[in-house]
């Protein structure tokens, strides 16, 4: 089995857990590959760290069997543009905080890796969104697992977004911005702005306004098979648009189109793990905190 271990730089408190990952893998016959920048970081932090370098330019399908991510959900989201349409599954090991996607906690590292190597897991396929624009703002990073957002910059004036559903006018949003979220991303930024929690198998997306100027504008759930178009206007010099962890500054009024991607993103789900369990654990559901 060939596993790529992907991550960002992290603080020294997480180093023992990163070392644990590689120690467990070293006890097996797994071939381990690490991206060059992450390899450079770890080789300065961990003793005798010598692993093969992942060739990102090589076609990954047939070259890598699975990705492990070390970090939080943001680190896992980075792999969307690395894996692309190869279908390679990803196991998220959580060095961050909440971890809705990276669900393997620090104390579960050894057991989780051994379970995966025994084949004791399933694949949880998640819908992706694709954004296109006149000048191809995000280029190869135009696919999102969580959300695509439009947002004003700093303390500038609110922005205006004209939304169209399958070519038919839907609404005009005035406010700080809007979030277009997949069902996976419904527990991320959208949830913080009053959006609903949507089960990943629901085949839906949600538009959630950010501080709307009209109080009767509320989140709306749509089928993920639809095509959304947006015309963005602003009186300020520019505004922000993000596609998961990638952000761009737009300095003119522009049109964007959002559609369902032609391929899915595959998460590794351990056999003892369910989506409901993740919700209960991360959101502290069922716990009576009144006496604490």
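Note: Cβ is positioned from N, Cα and C throughout, glycine not excepted.
Noted in TrEMBL for the protein shown:
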ACT_SITE  73  active site, proton acceptor
BINDING   73, 74, 146, 147, 176, 187, 188, 189, 190, 191, 192  NAD(+) binding site
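Taken over all pairs of the listed NAD(+)-binding residues (73, 74, 146, 147, 176, 187, 188, 189, 190, 191, 192), the Cα spread reaches a maximum of 24 Å, rounded to the nearest whole number. A separation of roughly 10 Å, to the nearest angstrom, links the Cα atoms of residue 146 (NAD(+) binding site) and residue 73 (active site, proton acceptor). Between residue 188 (NAD(+) binding site) and residue 73 (active site, proton acceptor), the C-alpha separation comes to 10 Å.
Here residue 192 (NAD(+) binding site) is positioned 16 angstrom away from the residue listed as 'active site, proton acceptor', judged by their C-alpha atoms.
Residue 176 (NAD(+) binding site): 17 other CB atoms within 10 A of its CB, across all protein chains.
All chains included, 27 other C-beta atoms sit within 10 angstroms of the C-beta of residue 190 (NAD(+) binding site). Under DSSP, residue 176 (NAD(+) binding site) is assigned to a strand (E or B) in the three-state scheme. In this structure, residue 190 (NAD(+) binding site) is part of a helix by DSSP.
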